[in-house]
Amino acid sequence: MLERTLRVLEYNKVKEQLLEHTASSLGRDKVKNLVPSTDFEEIVEMQDTTDEAAKVIRLKGSAPLGGITDIRSNVKRAKIGSMLSPNELLDIANTMYGSRNMKRFIEDMVDNGVELPILATHVAQIVSLYDLEKKITNCIGDGGEVVDSASDKLRGIRTQIRTAESRIREKLENMTRSSNAQKMLSDSIVTIRNERYVIPVKQEYRGVYGGIVHDQSASGQTLFIEPQVIVELNNALQEARVKEKQEIERILLMLTEEVAVEADIVLSNVEVVANLDFIFAKAFYAKRIKATKPIVNNERYMDLKQARHPLIDPEIIVPNNIMLGKDFTTIVITGPNTGGKTVTLKTVGICVLMAQSGLHIPVMDESEICVFKNIFADIGDEQSIEQSLSTFSSHMVNIVDILEKADFESLVLFDELGAGTDPQEGAALAISILDEVCNRGARVVATTHYPELKAYGYNREQVINASVEFDVNTLSPTYKLLIGVPGRSNAFEISKRLGLSDRVIEQARNHISTDTNKIENMIAKLEESQKNAERDWNEAEALRKQSEKLHRELQRQIIEFNEERDERLLKAQKEGEEKVEAAKKEAEGIIQELRQLRKAQLANVKDHELIEAKSRLEGAAPELVKKQKVNVKNTAPKQQLRAGDEVKVLTFGQKGQLLEKVSDTEWSVQIGILKMKVKESNMEYINTPKQTEKKAVATVKGRDYHVSLELDLRGERFENAMARVEKYLDDAQLASYPRVSIIHGKGTGALRQGVQDYLKKHRGVKTFRYGDMGEGGLGVTVVELK
């Protein structure tokens with residue numbers, strides 16, 4: 001990536017802001033060395049990594065990166081045999097703790113179900129050196145001093161030192177409190193000179209105390225004397241201090257050697273936490289500028305939704321939708337110089353640079369960006385004083401360099417292309433330069449105030465015009481990018497707002513060709529149409545999102561309903577099976593009793609015994625069967641029943657003989673030795689009549705039964721449909737269904753009306769309604785049963 005491109009697009013300013021979010025010099029070094037990548041896979045991984053760190057921040061608010069310092073030079077010194085200071089060793093211990101703490105932090109989140117595959121891979125490389133960490137912290141205090149407990153020998157030496165110091169102070173304090181002390185001493189204090197305890201003695205009394213003079217005051221009137229009586233004690237104290245120093249050095253060398261043994265692991269851990277500091281800095285920066293993760297594609301197109309420049313306050317900048325690379329490869333932004341065109345140009349460039357650096361970009365979700373091998377930018381007035389180049393020449397030198405290197409994997413940004421020279425020649429050069437880079441397949445965004453380039457976008461298939469909206473009422477740009485609408489100068493409107501007379505403005509209009517006026521009017525209408533279309537699109541998008549939300553909610557409710565329905569049906573089926581099984585056992589017992597009755601002399605069987613047995617047999621049927629009375633289709637053809645016909649009673653699966661018809665729908669039937677009333681719908685005709693045989697019931701068979709939750713009438717004739725509805729509702733009631741659906745379709749509405757007219761009269765219907773969204777709407781009637 002060209003250094004000039006990074007400079008003019010203010011990439012380093014973004015890095016300066018990123019630096020503010022690092023926790024250590026390790027992370028700061030990573031930021032300082034950050035440059036955009038051109039490798040697609042690497043960029044995707046960097047974006048995913050930043051996204052995981054952003055997820056951690058959303059869930060936890062921060063990451064435990066405190067206490068980590070750059071200890072690499074200290075570790076390398078330990079590796080070559082140098083002795084580390086207590087503070088240097090303490091920094092190593094703190095960094096080891098920080099890396100271990102970070103590892104535990106990420107692993108705990110993963111254990112709790114948070115998906116962080118990339119960060120988990122990073123922390124998996126951290127090797128815990130807990131033993132070494134504890135050795136250092138056990139020997140060195142938070143203030144950087146070697147503590148007494150570092151070794152038994154050091155504790156003993158320091159006990160000796162404290163004892164010696166106490167004895168010396170006691171003797172000297174006795175001297176300062178003597179009767180002659182006020183006369184001979186300059187001050188009644190005990191002090192230290194050259195690491196030995198002394199007292200301040202007046203010059204004329206130096207011989208009274210004897211001993212050694214270690215210092216004197218500036219005036220020479222006071223001598224700091226070590227009295228003879230404590231010289232031996234001071235000597236003993238100094239010997240103990242030498243031993244203390246030797247023991248401390250031994251401890252520090254021991255710890256340094258242990259660091260040297262683990263040096264490679266420590267350095268590896270440092271590299272991991274440096275990367276983690278860098279990664280989380282990017283995530284914190286994304287939060288600061290309200291950035292999101294872009295979708296990175298390899299198809300050479302970008303779609304930036306509501307893009308903002310990261311260096312401009314998000315509260316004041318106007319976001320823009322910027323698309324490039326699909327329907328068109330070049331955007332030519334025309335309009336006046338003060339219209340915010342350069343901000344749009346820089347927004348495109350800096351977003352690409354940030355994305356290719358693994359940074360999230362200030363756009364809305366689902367924005368897409370592609371990878372460019374080269375990004376070229378000719379922006380701003382960078383004329384060279386040393387080379388005595390004009391503005392035009394300076395730009396042209398840069399453009400020549402761009403034309404030598406640009407290809408189909410390049411993004412080229414031109415600001416005020418062709419400016420700084422004769423307008424006619426500048427416009428011609430601009431068109432020629434744009435043609436050249438477009439023909440190479442590069443993606444191009446160019447700004448210009450030349451009106452000649454307005455037609456350029458209409459004459460080239462892959463080029464589109466754009467402009468930055470200008471509010472003539474406030475005389476300022478709105479910075480709203482209008483794709484597909486060329487810019488206009490607004491000179492007449494601005495002049496009128498500023499007070500120029502209508503007469504002068506009208507004369508000015510007369511100096512412009514009719515075609516130019518028509519073009520300006522056309523552009524004005526395009527701007528208005530663009531704004532209206534954008535407003536309509538925003539409203540439609542809001543409705544779409546609302547519809548999707550409702551759809552998701554309905555899907556969730558349907559899934560929950562189906563799950564609950566299936567659970568209840570399963571429970572009901574299980575209960576039904578248990579009841580049927582119990583009924584079978586009870587029926588078998590009753591049948592056994594009837595067999596015993598048959599074996600007995602039939603004349604001796606009392607009527608009440610038969611009635612009781614019949615009642616118990618009917619009561620043995622499970623509840624569902626008793627409600628249904630075998631609600632099944634009679635597979636036999638319709639037959640005019642007569643007394644004496646043999647039939648099969650479906651409830652019990654037994655044959656019987658018709659005795660007499662007791663009502664329009666019921667017959668008296670002889671089943672073995674039992675006589676009972678049976679509905680015609682509960683019997684099946686048998687072709688071969690037999691004489692009634694009195695025999696006991698042998699078996700009672702159960703029968704599977706199923707009724708669908710919906711009835712589909714589409715394609716049925718009206719009469720057949722009504723008959724099916726009648727039977728279906730009876731079946732559904734017998735199945736104890738609380739709710740069913742009847743599908744009649746929309747069509748002409750005749751079948752729908754017929755169904756609902758019938759439902760109004762049916763005594764088993766509680767309420768009914770049309771289907772809701774997701775249930776079939778007007779093509780379905782949902783029936784609530786009593």
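Just so you know, the numbers here start at 1 and follow the chain as drawn.
Glycine is treated like the rest: Cβ placed from N, Cα and C.
As annotated by Swiss-Prot, ATP binding site applies to G335, P336, N337, T338, G339, G340, K341, T342. In sequence order, V468, P477, Y479 constitute the residues six or more apart from G340 (ATP binding site) in its chain with CB-CB distances below 8 Å.
According to Swiss-Prot, the domain 'Smr' annotation covers 711-786, on the basis of sequence analysis. For the domain 'Smr' (711-786), residue counts in helix, strand and coil come to 32 helix, 19 strand, 25 coil, using DSSP.
Of all the Cβ atoms in the protein chains shown, 27 others lie within 10 Å of the Cβ of G335 (ATP binding site). Residues belonging to the domain 'Smr' (711-786) score a mean pLDDT of 85 in the model.
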